[in-house]
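Here's the structure we're looking at; comments come further down.
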Amino acid sequence: MAIPASPPRRGGLLRLLSVLLLARAAAAAGGAAASEFDDGTSPKFPGCDNTLQKVKVTYWVGGDEQSSLTGISARFGAVVPDTAGQKQPAVQPEPKGSCAKSSKPLAGSVAVAERGECTFIDKAKTAEAGGAAALLITNDDDALQKMVCTDKDPPPNINIPVVMVSKSAGDKIQTAISAGNKVDILMYAPQKPSFDGAIPFLWLMAVGTVACASVWTAAVVGEEPNKNAASLGGEENPEAEAEVVELQTKTALVFIVTSSFVLLFLFFFKSSWSAWLLVFLFCVGAIQGMQYVSSSLAIRVCSRCGEPKVKLPGIGNVKVLTLVTFPLAFIFAGVWVASMNSPFGWVGQNLMGICMMILVLQVVHMPNIKVASALLIAAFLYDIFWVFISPFIFKKSVMITVARGSDDGPSLPMVLKMPKEFDSWNGYDMIGFGDILFPGLLVAFSFRFDRSHGKDLTDGYFLCLMIGYAFGLSCTYVGLYLMNSGQPALLYLVPSTLGVIAVIGAKRGELSQLWNAKA
C-alpha cells in the first residue's frame with residue numbers, strides 16, 4: 001500500500017524544517033512557569049522589607065472587565081493583599097510621572113503614573129500625599145523593574161501598595177483613561193497552588209505524541225516511507241522523490257547557529273508582527289500535518305480512498321482525498337487563528353501542533369546515534385546557555401523572555417499548552433515543540449532500528465527510550481517545582497534518551513552498530 005498522503009517535496013520539507021527550527025527557538029523552556037522576583041540581594045530594613053511579589057492587575061473599561069495584567073510589587077509600601085478586594089477608580093496624575101503634586105484629585109483612587117524624572121519612592125510619597133489608595137507605575141519598556149531601596153535611603157514609611165507593570169500593559173490602561181473612559185483597577189497577589197493539575201495532562205500529551213509519531217508509519221501507514229531519502233546537508237538525487245530528509249552531522253551546527261540568531265531576533269525585536277509571523281509559519285506546518293494525518297487515517301480505514309485522482313489545470317493529477325482534506329485543514333487553521341485567544345483556543349493549537357509533529361517525525365529521520373549525538377548535545381548546550389548563562393550577558397534569560405512573549409500581539413504558538421484550572425492566575429503550562437521533536441527524532445530512530453534488526457519491545461531500544469523520555473520530562477517538572485523558574489527541558493531529556501541508548505548499546509555490545517546504523 002502506498003503512503004496515503006505523501007509528505008511535501010523538497011521545498012515543503014525545508015519549510016517544515018524551518019518550523020521545527022523556530023519551534024526550538026521560540027518555544028523554549030518547556031513548561032516554564034513565572035519565577036519568583038525576590039532574589040534576596042537588595043537591601044532590607046524597616047519600611048523597605050516587603051517580599052517582591054507577582055501581582056495580578058485586573059481592570060475594567062466602562063464597566064467591562066479586560067484581560068488581567070501582570071505586575072510586580074515594591075520592596076516598600078503596604079503589602080499587596082493576596083485576595084481580591086474592591087476595585088478602585090484609576091486616575092492619571094498631572095504631571096504624569098507623579099513627581100509633583102497632582103492637579104487632578106487622587107483621593108481613593110489608583111494613581112497610574114509613568115516611570116521617569118524621579119525615584120520610585122518619591123512617586124509613591126507624592127501619590128500618597130495626594131490621597132491615592134495605591135500607585136501603579138508603567139515601566140518604560142516591556143519588562144518589570146524591581147523597585148527596591150538603596151543602603152543610603154531613609155525608611156520610606158509609605159502606607160499604600162506600589163506596583164509596576166510593563167510598558168505595553170500600562171499603555172492599555174493609560175490609553176483607556178486618556179480616551180475619557182471610566183477605568184477601575186483591582187490589584188492583588190494570589191498565592192500559587194501547591195499542586196498544578198495541568199502538568200500530568202501536559203506530560204501525557206508530550207509522551208503520547210513521541211510514542212504515536214514514532215510508530216505512526218508502521219501502525220497507520222503500513223509500510224516504511226520512501227528509502228530514496230534526501231540527505232540534508234549531503235548529496236541529493238534529483239530524480240528521487242524527497243519524501244524523507246535524512247539529517248547529517250553538520251546539520252547540528254546549522255540548527256543551533258540559526259536557532260540562536262532567530263532567538264536573538266525575537267529577543268531584541270519582540271513585536272506583534274514577529275509573533276504573527278510565527279503564527280503564519282505554525283499554520284503552514286500545521287495544515288500540512290493535519291492533511292497528512294487525516295489522509296493517513298482515512299486510507300487506514302478505507303484503503304481505496306486514496307486511489308481516485310483528478311487532473312487539475314497547471315497542477316496535474318491530484319488525489320480526491322487531498323482535495324477534501326486540505327481545504328478542511330485550511331479552514332480549521334483559519335478558525336483557530338480567529339479564536340486563538342478564546343478559552344478553548346489551546347485545544348485547536350494542541351491538535352494542530354501534534355499533527356505537525358507527527359508529520360515532521362515521518363519526514364525527518366535520524367540515521368544513527370552519531371548524528372543524534374551531534375544534534376542533541378549541541379541542543380543540550382544551546383538550551384543551557386540561553387536559559388542559564390544568557391542572563392549574565394543580556395541581563396535576563398533570553399529563552400525564557402522570548403517564550404513568555406509580550407502583552408501585545410498573539411502568544412507564540414510553538415508549544416503544547418494546558419490551562420491551569422486550579423491557579424488564580426489562569427495561565428498555562430507549556431512545553432515547546434522542540435522539547436518533543438529533538439528527543440523524538442532519536443526515539444523514532446530506535447523504533448526503526450528495532451524493526452530492521454528484528455528486535456521486539458523486550459530486547460529492543462524503543463521501550464527503554466520511551467521510559468527514558470518520560471522520566472526526563474518528569475525530572476523537568478520536578479526541577480521547575482523545586483527551582484521555581486523556567487527550565488531548559490533538554491538538560492534532562494538528552495541524558496535520559498541519548499545517554500540511555502548509549503549505555504544500553506555499550507552493555508549489549510551494539511554501540512558500534514548504533515553509531516553507524518542506517519535506520
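Every residue gets a Cβ built from N, Cα and C, even glycine.
Annotation comment: TrEMBL describes 1-28 as signal peptide.
Positions annotated as region 'Disordered' by TrEMBL: 84-103.
Per-residue pLDDT, averaged across the domain 'PA' (90-173), gives 90. The domain 'PA' feature in TrEMBL is assigned to 90-173.
The annotation transmembrane segment is assigned in TrEMBL to 201-221 (among others).
TrEMBL lists 252-269 (among others) with the feature transmembrane segment.
What TrEMBL records for 275-299 (among others) is transmembrane segment.
TrEMBL lists 320-338 (among others) with the feature transmembrane segment.
Look at TrEMBL and you will find 344-364 (among others) tagged as transmembrane segment.
Positions annotated as transmembrane segment by TrEMBL: 371-394 (among others).
Under the heading transmembrane segment, TrEMBL lists 430-449 (among others).
Same-chain residues lying 6+ beyond the ends of the transmembrane segment (461-483) with a Cβ under 8 Å from its Cβ atoms: 30-33, 196, 199, 203, 206-207, 210-211, 214, 431, 435, 439-440, 442-443, 446-447, 449-450, 455, 489, 491-497, 499-501, 504-505, 514. Annotation source TrEMBL lists transmembrane segment at 461-483 (among others).
Annotation comment: TrEMBL describes 489-506 (among others) as transmembrane segment.
Long-range contacts of the transmembrane segment (371-394) within the same chain: residues 24, 28-29, 247-249, 251-253, 255-256, 259-260, 263, 267, 400, 434, 438-439, 441-442, 445, 486-491, 494, 497-498, 501-502, each at least 6 residues beyond the stretch ends and with a Cβ under 8 Å from a Cβ of the stretch.
201-221 is the stretch from 201-221, 252-269, 320-338, 344-364, 489-506 with the greatest number of Cβ pairs below 8 Å to the transmembrane segment (430-449). Here the transmembrane segment (489-506) has Cβ contacts under 8 Å with residues 29-31, 369, 372-373, 376-377, 379-380, 382-384, 431-432, 434-435, 438-439, 442-443, 446, 461, 464-465, 468-469, 471-473, 475-476, 479, 513-514 of the same chain, all six or more residues outside its ends. Away from its own ends, the region 'Disordered' (84-103) comes close to residues 58-60, 109-118, 122-123, 126-127, 129-130, 132-136, 173-174, 177-178, 182-186, 188, 190 of its chain (Cβ-Cβ under 8 Å, at least six residues beyond either end). Counting Cβ pairs closer than 8 Å and at least 6 residues apart in sequence, the transmembrane segment (320-338) and the transmembrane segment (344-364) reach three or more and so form a contact.
DSSP labels the residues of the domain 'PA' (90-173) in these numbers: 17 helix, 16 strand, 51 coil.
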